[in-house]
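Student: Before we start, here is the structure in question, set down as structure tokens.
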Amino acid sequence: MAVIEAIGAREILDSRGNPTVEVEVLLDDGTVGRAAVPSGASTGAFEAVEKRDGDDRYGGKGVRQAVQAVTDQIAPEIIGFDATEQRVLDARLIELDGTPNKSRLGANAILGVSMAVARAAADSADLPLFRYLGGPNAHLLPVPMMNILNGGAHADSNVDIQEFLIAPIGAATFAEALRYGVETYHALKAVLKGRGLATGLGDEGGFAPNLAHNREALDLILEAIGKAGFRPGRDIAVAIDAAATEFYRDGRYILEGQPRTAAELIRYYEELVASYPLVSLEDPLAEEDWDGWRELTAALGGTVQLVGDDIFVTNPERISRGIQTSVANAVLIKLNQIGTVTETLDAVELAHRAGYRTMISHRSGETEDTTIADVAVATNAGQIKTGAPARSERVAKYNQLLRIEEELDDAARYAGVAAFPRFAGGSAG
């Protein structure tokens, strides 16, 4: 047993300068586990609710109430628990909150405790977190889905699509994939400078130039891939996160200033897929446009990965609905959307059992916490989205994956092209 002896929490800052919750758990053998909770800018309406103070401090975004929930309400209930009983502990946290969306205690309070307990238990067992959570079969290093051009809610620009990403599918190892991404990222900066475009960074480390339209972003990325010495679609593919809920108004999608129906937007995506080496479309339609999603999946699901983020919010009930109604073929996994470690693992397992792919994801407001890197390997997810190879809160996750690959040594496998149906020759699920 590794008995929980004490729990503490504090208010710290995330990468956007907003407060977030950090939790420390002390075990009876002296082991300390620490975890910090991320926060999103583009959030789904059905996510677990983070608790904010709503007072004059930090523009209402303080988290003293969540910190107090940890120390005054959660700690007395779980001190004395065996930290290795993660599922029992997480169930107790859910029961203690008593709401369907964790709004009483706050998902930021609950997740902070859940993550810190997992880390403490892993350290107490002298196991890396990925091995503790994933067992002996955890071995697959994920393709880094690098957001190198930002638009939408992540940048002050006139590009509607929120993220333009690169996927180094042709690399043999994660370390090599990271190099592919970094070299392309630097090449993109040179391309932007050469065009007289801004090279300021968005929330997730990607560049945020003012561009005329969304296709220009893809064209610039393809140019950068070539400039870096790589082959588009062979060495490096591209992907987008449209975050379509953000430009959905009164039953229409306002894209590039034009209102479009779901059917018209689907045709737009079909044209993009035909024109570019796209392997993944995330949130291409709004979070409640289930009919549109079904049409899109029927049209493109056999060709490219269609990732549900806002529509699924890492919630097993919504994921199950998607599986039953043939919506999407992949799930974005964010720990703070659901609020505990075990619920996150359950969501991944549910997706994999149904043949859906999974992508473990950061949030736009991040910290130096590297839990998601370990979760990506623990679950053999095959993909991770944690921003550009810039800004230390993003790079921390990549560096952790380098360490994990080194530790796995000959057992390590890089997901590579096999993670995506378009160029792997497999079905999309």
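Cβ coordinates are placed from backbone N, Cα and C, and glycine is handled just like the others.
Feature annotation from Swiss-Prot assigns active site, proton donor to E204. According to Swiss-Prot, the feature active site, proton acceptor maps to K334. As annotated by Swiss-Prot, (2R)-2-phosphoglycerate binding site applies to Q162, K334, R363, S364, K385. If you look up Swiss-Prot, you'll see D241, E282, D309 marked as Mg(2+) binding site, on the strength of sequence analysis.
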Student: Select the closest residue to the residue listed as 'active site, proton donor' from the following binding-site residues, measuring between CA atoms: Q162, D309, R363, S364, K385.
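Tutor: For the residue listed as 'active site, proton donor', the closest Cα among Q162, D309, R363, S364, K385 is found at S364.
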Student: Does the residue listed as 'active site, proton acceptor' have same-chain partners at least 6 apart in sequence with Cβ under 8 Å from its own Cβ, and which are they?
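Tutor: Looking at Cβ-Cβ distances below 8 Å from the residue listed as 'active site, proton acceptor', excluding near sequence neighbours, one finds G40, D309, V313, T314, S361, H362, R363.
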Student: I need the most crowded of these binding-site residues: R363, K385. Count other C-beta atoms within 10 angstroms of each C-beta and give me the top one.
Tutor: K385
Student: How big is the Cα-to-Cα gap, in Å, between E282 (Mg(2+) binding site) and Q162 ((2R)-2-phosphoglycerate binding site)?
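Tutor: Here the two Cα atoms lie 10 Å apart.
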Student: Using a 10 Å cut-off, grab the number of neighbouring Cβ atoms around the Cβ of E204 (active site, proton donor), all chains included.
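Tutor: So the number of other Cβ atoms within 10 Å of E204 (active site, proton donor) is 30.
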Student: Using Cβ atoms only, which residues of the same chain lie under 8 Å from D241 (Mg(2+) binding site) while being at least 6 residues apart in sequence?
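Tutor: The answer is N147, I161, Q162, E163, L165, E282, D283, V307, D309, K385.
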Student: Other than its own, how many Cβ atoms are within 10 Å of the Cβ belonging to Q162 ((2R)-2-phosphoglycerate binding site)?
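Tutor: There are 28 such Cβ atoms around Q162 ((2R)-2-phosphoglycerate binding site).
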